[in-house]
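Features as listed in TrEMBL:
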| type | residues | note |
| --- | --- | --- |
| TRANSMEM | 34-54 | transmembrane segment |
| TRANSMEM | 66-90 | transmembrane segment |
| TRANSMEM | 110-134 | transmembrane segment |
| TRANSMEM | 141-159 | transmembrane segment |
| TRANSMEM | 191-210 | transmembrane segment |
| TRANSMEM | 231-257 | transmembrane segment |
| TRANSMEM | 263-282 | transmembrane segment |
| TRANSMEM | 289-307 | transmembrane segment |
| TRANSMEM | 313-337 | transmembrane segment |
Amino acid sequence: MPTQRNRRLAVGGVAVVLSAAALCAPLYLGPTSLNLLGQFLAMAILAVGLDLIWGYTGILSLGQAVFFGIGGYLMAFYLKTQGLAAGAVPDFMMYSGVSHLPLIWEWSRHFGIMFLFVLIVPGLIGWLFGLIIFRSRIKGVYFSILTEALAVAFSTLVLERQSFTGGSSGLTNYNAILGHSFYDNSTYTGLYLATVVALILAVALVWWLTHSPFGALLRAVRDGENRLRFIGYNPVLFQAFVFAVAAALAGVAGALYVPQNGIITPNMLGVVPSITMVVWVAVGGRGTVFGAIIGALLVQYAQYYLSSSFASGWLYIIGGLFVLVVLVFPRGIVGLFDRLHRRRPI
């Protein structure tokens with residue numbers, strides 16, 4: 001049996017090879033395939049954060065699409081203001097009778113400020129939400145229901161504030177980012193590379209958190225937070241912190257996804273997308289950082305190729321897949337391969 005040290009070295013080697021392959025993808029993939037992969041990798045960043053709170057801390061959130069949406073809409077605010085004359089507003093605002101940009105839109109005209117908002121706003125909201133809920137000792141299915149309600153409330157709010165968010169039509173028709181036109185394929189190459197780098201940093205962050213003494217405390221929270229309280233630790237602080245980290249990663253994912261996808265709508269922020277994100281992690285294997293990435297990529301590719309043929313039945317496919325994973329291989333793909341490897345005769 002391989003030692004823990006050898007296993008970590010092997011995982012590290014595979015991670016380096018895969019990172020290099022991803023960074024070199026513009027050399028062997030066409031513009032369309034590269035853009036599609038960039039969108040999926042952006043979502044993988046969210047999956048890594050979800051794996052941190054669910055796989056390692058035992059917190060099942062059904063509202064990660066909220067934080068994804070916050071980051072996505074902040075990026076969309078920035079993109080829609082590029083090329084606008086001073087004092088002008090986007091067309092949909094003008095049709096709604098809005099004569100000047102809202103303050104958050106005005107701030108988002110500047111990329112640096114928008115980038116800080118993408119990191120801080122979802123993380124801060126996640127931290128405050130987590131602090132309030134976890135201090136109330138709400139956990140398990142009740143916590144999941146509350147996050148589900150948060151997703152419903154947020155998507156409804158975005159839908160109803162049409163003059164501010166574009167309503168059901170969402171925000172689209174972007175011209176440029178940092179002065180680079182979206183009609184130039186090199187812009188999408190740059191966005192793809194930025195996404196890969198962000199994913200590598202997200203994996204490194206979560207790997208460091210979970211393989212440090214802090215990670216041992218997270219697993220202790222998952223396995224029995226009352227015992228942690230008994231020895232003098234306050235699990236609320238750990239839970240709120242990791243929930244904030246996962247929220248911030250979801251915000252970054254949204255900000256990277258929107259310019260590559262070309263649109264963001266309220267349909268991307270509700271309960272169904274949040275549950276789909278949970279399925280990604282379950283399929284790949286929760287509690288394994290790379291499993292979350294594998295699950296996110298596989299399920300998204302399956303959705304891309306199958307939803308056109310089974311548009312009305314895709315939700316049934318997702319539901320059936322989740323049930324299959326829970327019943328047949330609850331540790332996901334990574335857990336299945338690990339089990340097969342352990343059974344292999346020496």
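Cβ atoms are placed via backbone N, Cα and C, with glycine included.
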Residues of the parent chain within Cβ reach of the transmembrane segment (263-282), under 8 Å, 6 or more residues beyond its termini: 43, 46-47, 50-51, 54-55, 60-66, 68-69, 72-73, 76, 147-148, 151-152, 154-156, 158-159, 165-172, 254, 291-292, 295-296, 299-300, 303, 315, 318, 321-322, 325-326, 332
Non-local residues, at least 6 beyond the ends, that sit with Cβ under 8 Å of the transmembrane segment (313-337): 272, 275-276, 278-279, 281-288, 290-291, 294-295, 298-299, 302-303, 306-307
Stretch with greatest number of CB pairs under 8 Å, the transmembrane segment (289-307) reference, 34-54, 66-90, 141-159, 191-210, 231-257 candidates: 34-54
Same-chain residues at least 6 beyond the ends of the transmembrane segment (110-134) whose Cβ lies under 8 Å from its Cβ atoms: 67, 70-71, 74-75, 77-78, 143, 146, 150, 178, 235-236, 239-241, 243-248, 250-252, 254-255
The transmembrane segment (141-159) versus listed stretches 34-54, 66-90, 191-210: most Cβ pairs under 8 Å: 66-90
